[in-house]
Amino acid sequence: MSEDILTYTANTDSDDSDVEQREIEKKYKTSSETPVVQLYDGDDYDNDDIRETNGNDFPNEEDESNQLYSPVVDMNFFTLSDECTEVIICLEKNQHLLICGQFNLQIIKGGITYNNVHYNSGYKNWEFWHPACNAISPIVSSFYAGWESKLFLNREYQHFTTQIESYDCVLKISNGCNITELSSLLPELRDMWGPLNISLLPGIARKQLTFNIISKISDSVRILDISTEWSTVIDEMRIFHANSSQDMRVMVIGGKNSGKSTLMRLLVQKFLHSNNDLSYEAIHYLDIDPGQPEYSPPESISWNKVDPKSMSLGQHLCQGRFTTIKQHFIGSSSPQDWPETYSNAVESLLKEWQTENFMGTSFLNIPGWIKGFGVKIINHALDHFKPTHIIFLSYNGLPFSSEIKVPDAFSTTQRSTYKPIILQLHSPAVGKHISHALQRFNAAKIRQFKITAYLHKKYDRNFVINPLVMQKPQLTSIGNRGIVGFEFLQYSNSSLYHDDIKLSLDGTVVALHRADSTPDVLFKGIFPVMKNYSKINTEFVGLALIHSIDLEQSLIYMYIPENLFRALRETENKWVLVRGKTETPICELYPNNGIFKSEVDIPYVSLYQKKRHEHVWKVRKNVMRRGHHMK
């Protein structure tokens, strides 16, 4: 292939069954106008389309500061309980409300717009997730889109009616789950759910609430500003989604910090919540990015179903409300560690999804890797996902690699033969001066938080706040009725020495797989090590943290999330334990609350230091230097 940029036109003849697609394509910018398969090889962040700004870059700062909500007790802010876990917020016309944290929101009067989607007042509670590690979308007051505006206020709060009647929009904000307290285990992420130096109101302690109102622009919080270009494309794609009688498959391609996940989140929200009367149609979300997943467990890929009535708004850090249909454990945040394992898992997941013959809308979230092996991942995903819509996100119009090959047409059971619609959008500009507080929220730290949240999750969607070393582990046997096989992805099982297996497992995160039958194993001590893991049919169920192993009793003690442990207890299966490269959060091995009073008490951690000159001496032979001669 030459280095010329591949171009595609939207008016090429296609299958007769795709008449509606040809009509809608006229609304899109085609690649005959803008090249889409290009030679991207840079990190220029000077674009200015959709901005994830810090507070100092808030658009129209003077105007917005006047519109930014600031609470005043007994005027536009009312507490509903002695515990202050519920508050009423009154907004004037077009006023912006910025909230960090995890909370539930009910629109008592009027309406709101959130990410350019309108929501009417009603008794429904919406679940919001606004961590400070991501740009926060403002909640903007709006009107009631209906014949007659109503006041959706419970009986016990009717005495507030006269105090709130003069406001255009009235909201009830209540506490969410206690995930905001979980950051206390990770000191470097202690302000992940909002700046610590901001107090809500006099008399209300920060620990009383799972959310925090931002009443003053700060460089500790980024604000999401959606560009006109993005809004136009999102609206046009929503029309296609609403009017299509066939399936729709969306794939977004972009590098790191390109806004790929943000755009897909906005599209999902627009598709599911555009109408005030929520439909029962769900969206399928295929998440094959093990490093920064949207829905998958840590270092895994998954196929999920997102329902419009229960969908979580904002960045839920894989803790929102959704249904997982299928998942595969990768064992690493990078597909490059075991490329064959990753490719096989992706292909298996997409094939299982294809058999569903889903006629709705599906999204594919791929890694933000557009060079080297990342190009192979993109091409592999294109071949198997067969998208109807492909969006390229580039910085300042910089081209992508010419090795990304988009087929001229795809063929599926649902659509026969069709030509993909290809769009190119600009990525958001990244602030050149990011505050020290925001610099801590890198991908590795967020992965550690997700692993911690996963392991601490309870059945009722709350979280265990104390370190796991202070909890009682669950007991599982090693043998025919428990764990029937061990697999180590990093090492060859045949090269393992049985005395080293216990040490290599203590205090590590492992994956539990359900096996259909007893695998072919080789016993090394008490450990049944798999001979050929790829030949046995297993199903990934979830992650666990190993507390300890009793070699004499052939028992293994593990911390298993409460919601997962109930499922394991209800079924009698054979289990295979897989160890990858997943790192255990340091807060699980050595909590910062001072529970270990002396060095002797600390498990998993060796404080031994070699004495001076205590090391292995290696004699160097035949080292030839200038002036040296062999005799």
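Just so you know, the numbers here start at 1 and follow the chain as drawn.
Backbone N, Cα and C atoms are what each Cβ position is placed from, and that goes for glycine too.
Quick caveat, the model's predicted, so the values are computed rather than measured.
Listed in Swiss-Prot:
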| type | residues | note |
| --- | --- | --- |
| REGION | 1-65 | region 'Disordered' |
| COMPBIAS | 19-30 | compositional bias 'Basic and acidic residues' |
| BINDING | Gly254, Gly255, Lys256, Asn257, Ser258, Gly259, Lys260, Ser261 | ATP binding site |
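Gly259 (ATP binding site) has a Cβ environment of 29 other Cβ atoms inside 10 Å.
For the recorded site, Asn257 (ATP binding site), the DSSP three-state label reads coil.
Long-range Cβ proximity for Lys256 (ATP binding site), meaning a same-chain Cβ under 8 A and a gap of 6 or more residues, is found for Gly368, Trp369. Long-range neighbours of Ser261 (ATP binding site) (same chain, six or more residues apart, CB within less than 8 Å of its CB): Gln292, Glu294, Asn365. What surrounds the ATP site, by Cβ distance within 8 Å of the Cβ centroid and not counting Gly254, Gly255, Lys256, Asn257, Ser258, Gly259, Lys260, Ser261, is the set Gly368, Leu393, Ser427 from the same chain.
Ranked by how many other Cβ atoms sit within 10 Å of their Cβ, the binding-site residues Asn257, Ser258 place Asn257 at the bottom.
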